[in-house]
Structures are given as C-alpha cells and as structure tokens.
C-alpha cells in the first residue's frame, strides 16, 4: 500500500434497507487475520496492520499454507465471519463496536475494519482479501451502521423508556404488596384480640368495659395515620385521634400512600442490561469512520 486510503466524497448505499434489517448480505473473502492496534481509528493505524498481516501471510504461504476462506454476513446486527461450509461463526463483530472501515485504492481486493473486542476491550484490526469487491463491502458495512444507528435512536430509546416505566411500576407493586401483607397481619391480630375480649351487656343495652384504661376491644386504639397522645372519654377509655384533612388526602384508608402510576419512580435496570445500553450508546456516539467520512447522525437523544 503506497498511499493512504482515499476519501469518498459522498455515500451511495448499495442495498435496500430491508436486506440489512430483516436479513443479511453475504460476501465471500479470504481472511488474512486480525491484529491488535492501539487506536480505534486512523488510516496509518490500519495501514500498519495490513502490512503486518500481509507479511505474515507471505511467510505462511511460502511454507505451503493457504489463506483461509470465510463468509461475511453483514446486517444491522453486525458483521459475522463464518466458515463457508460448516457455517460455524468464528467472529461476531457488533456494529456499535466497529469504529473504522476502509478499502485500499491501490489494491481493489483488500479491505479492513477496526472492532473493539467484547471480552478484552482491545481494538482489533481485521483484514480481508475480497476478490475486487472491497469497496462494495466497505459501503455495505457503512450502510448497516447507518441503519442500526437510526434504529437505536428511533425505537431503542422508546423501548428503553418503556422498560424503565414498567420496572418502576413493578417495584411500586412489590412495595404495595408488602404493605398490604403487614396490614393483613395487623387486622388478624385485632380479630384475635376481639375473640379473647370479655364484654358484658346491660339490660338497657349499654356496654360495660371491664377495664377503664382500654377501649371496647381491651386494647389501646389502633390508628394507622398518626400516634399523637390519645384523648380520654368520659368513661376513661382511650379514643383514637381524628386524622386531619391533609392526612386523609395523602394516605388511603390503610395508612399507605395511594398508588399513582404517573408519579411512581423509574426503576433501575439490572447492571448487565444497563452496562449493555451504555456500551451501545457510547459506540454509536463515537460513529463509524468510513474511509475518512464519519457516519455519525444527529446527537444521541437524551432518552437513550
């Protein structure tokens, strides 16, 4: 490679969007290999990687080894590298992890892209011999990235927001179920006390309380609203306090805050899901440099 990868003045997509969003576009190529690079972008970075891998292949070829053939399957979900006959997936490069893609104008067969490895988080440069269709493959990867980015912004953000609301409502429901169980236990305790209370009736129909220090249930009156000092009745029983109007508005009849689905807080994502969303957002935000042209659309929506 005697000079830099040339820069395209514009982008002309090669395929119908449905071919990449609902299916994939296959290409056959020879896989020269992959090597670690220090930077996620740069013509000089990929030029050095191509030289290194070409030299390594020349040595292996002199030893009688053939360059392995692979099948590339490009879609909005990534670039898969498969063994042509068995269809075994050798590498699966997600688009938001691909930061640079280029084809060599001095050699129509060679194209390369840089992808961040999902396990090591190192930047790897993949190099292919594509039988004179390097430019088409480069454009196809660029188109797939463009479509995937749009899909992430248009539908991904809404889906994320919906899942947040559902998670918040599920958490609120769990809290309400816990409160409800506690209230049921309190009611059961009241019923048990009622059964053991000794109540005597007079001929006039009045009720005589066996203990002047308790109410008709032989216990201190229960109030789910508040616990101010009780008021004494004429017969010495302790009467429950009357709740204020403001408390009645803020609490339901069980003393719990009324459930409002519009005001419930958004729940947190599990760490693995949240980290995946953050990773995708960061990858798409970086954009894909395609032969020096950055395919980075509008700024990321704050909802994502």
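Heads up, the Cβ atoms here are built off N, Cα and C, so glycines get one too.
Check Swiss-Prot against the ranges 159-202, 203-246, 247-290 and you find coiled coil recorded for 159-202. Taken as a whole, the domain 'PID' (21-176) shows an average pLDDT of 88 in this prediction.
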